[in-house]
Protein chains: 2
Amino acid sequence: MRTIFYISDGTALTAEAFGKAMLSMFPLKVEHKTLAFIDSLDKAQQAVARINKAYTDSGERPIIFHTFVSVDVKRIITSSRGSCYDFLDYFVAPMSKELGIPAQPKTHRTHGIQENGIRESYDFRIEAVNYAMANDDGSNVSDYDEADIILLGVSRTGKTPTSLYLALHYGIKAANYPLTEDDKLENLQLPKVLKAHRHKIFGLTLDPQRLHEIRTKRREGSSYASLQQCRYELNEVEKMYRREAIPFLDSTRFSVEEIAAKILAETNIERHRF
Amino acid sequence: MRTIFYISDGTALTAEAFGKAMLSMFPLKVEHKTLAFIDSLDKAQQAVARINKAYTDSGERPIIFHTFVSVDVKRIITSSRGSCYDFLDYFVAPMSKELGIPAQPKTHRTHGIQENGIRESYDFRIEAVNYAMANDDGSNVSDYDEADIILLGVSRTGKTPTSLYLALHYGIKAANYPLTEDDKLENLQLPKVLKAHRHKIFGLTLDPQRLHEIRTKRREGSSYASLQQCRYELNEVEKMYRREAIPFLDSTRFSVEEIAAKILAETNIERHRF
């Protein structure tokens, strides 16, 4: 099997994003290895030894996706027996020409917080995480004035992971509110506490069979997990979304990244806050 | 000011990762716009209109980072007046040659969950998020057998955001345990509940001045937030980390991405679980 190495003198998150996007175009089973913070000649030599060993062990040439600021460290990596890909290198010249300024590579600029002003934007995300935690699962309905968005849905439709992702990745203050039997699901009305915040509400729903599977893992054999109950809850909730003209998304086939991106696309909430 | 557009027929997360890494090399103030799910000729035409308007309004040529599966949609975008960059396009031919197979572009493969087996790996991450939520702030010390890592630290040193990031991004089950006055901070011992899990523990610490600022935002003027108290707590905790040979990180200058990547690099916890 091919070994794919993601290597960088920083977090290697950019190398991973680049490499995974490339590999997604090829139907291929591979093994992934990330070598992060390779920021000395010594560490680079060790990385090269691992790359060359992977080649010897498997007989297949490893693929290397890398991003480096240090030219010396990069030179060592590209001297390995792997097949090396560096998108920054290729695009830096045309980019520089278009922008009319020379490149000034600096370590940890992409995923770091050391730059002027970035400190503040980092706090921004952490504050959003604190908000999401304090407003998870309808625990704190008094803070909805502060919310950028309030996710609504029955139990286990992905509200919590989506709220946390929106906070961590985008710095968006996402509360979430669970619709339960306490809200009298039959002929469900929009809960009173939400009425004043209607414009911020976004609904999540799911395929009943999928919800049944998820709930079964949690409480096998319970009426809560039964397909019948899942069908009933989702049906009542979707009727309410439609009646109240609340935008909603069936998250069955989507990852948390996709759910978040779709919500932002549909609500026009700004993705770039920092 | 230059407008930077990130455009894709998917989430545009890859276009953003690519573009932001490129831009990090240029000291330049820009405006960011993401156009996600541009998956029809109609939407592509609208995107082109926005690009061209940004040009006319600012007099500066917009920069377009894009990733598309549909060739027809891509052609419309590249007919805009923006300066277009597509790293997939450039690398697909050499990549295909190296792998010995043709590219088979499919929408939503990078950040989607529709592929065989990916459903399971998606559940994996969501389960890790559920674990992190249930084991936040020392709330559930009975489940530590299941933990991949247990983050330790005094209040407001970044334990919760780091746990959630590890869960959401890597599917790692991260618990976190707060060291408080209840643990008798003077001559602090490793709390009893943690002793059996010593090999999974990772400590966080922070610069006292920074902790003082963070706590002041939370409870201004309290003794909890005083610089003296922050110094005292951090000092006792760091002494304990050293005495007990617990690996730890001063997170003051790092983003949550960097903290997570550094913890994984230091503990050798596998980054690629799905």
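Quick reminder: no glycine exception, Cβ is built from N, Cα and C everywhere.
For A:Gly153, A:Val154, A:Ser155, A:Arg156, A:Thr157, A:Gly158, A:Lys159, A:Thr160, the entry in TrEMBL reads ADP binding site.
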Around the Cβ of A:Val154 (ADP binding site), other Cβ atoms found within 10 Å total 26
Short of 8 angstroms on C-beta distance to chain B, which of the listed binding-site residues (A:Gly153, A:Ser155, A:Arg156, A:Thr157, A:Lys159, A:Thr160) are there? A:Thr160
Could you name the residues, excluding A:Gly153, A:Val154, A:Ser155, A:Arg156, A:Thr157, A:Gly158, A:Lys159, A:Thr160, of the same chain that surround the ADP site, i.e. Cβ within 8 Å of the Cβ centre of those residues, in sequence order? A:Asn176, A:Pro178, A:Leu204, A:Leu206
In sequence order, which same-chain residues at least six apart have a C-beta under 8 angstroms from A:Arg156 (ADP binding site)? A:Leu206, A:Leu211, A:Ile214, A:Arg215, A:Arg218
Candidate with sparsest Cβ neighbourhood (10 Å radius) among A:Ser155, A:Thr157, A:Thr160, the listed binding-site residues: A:Ser155
Can you tell me whether DSSP puts A:Gly153 (ADP binding site) in helix, strand or coil? strand
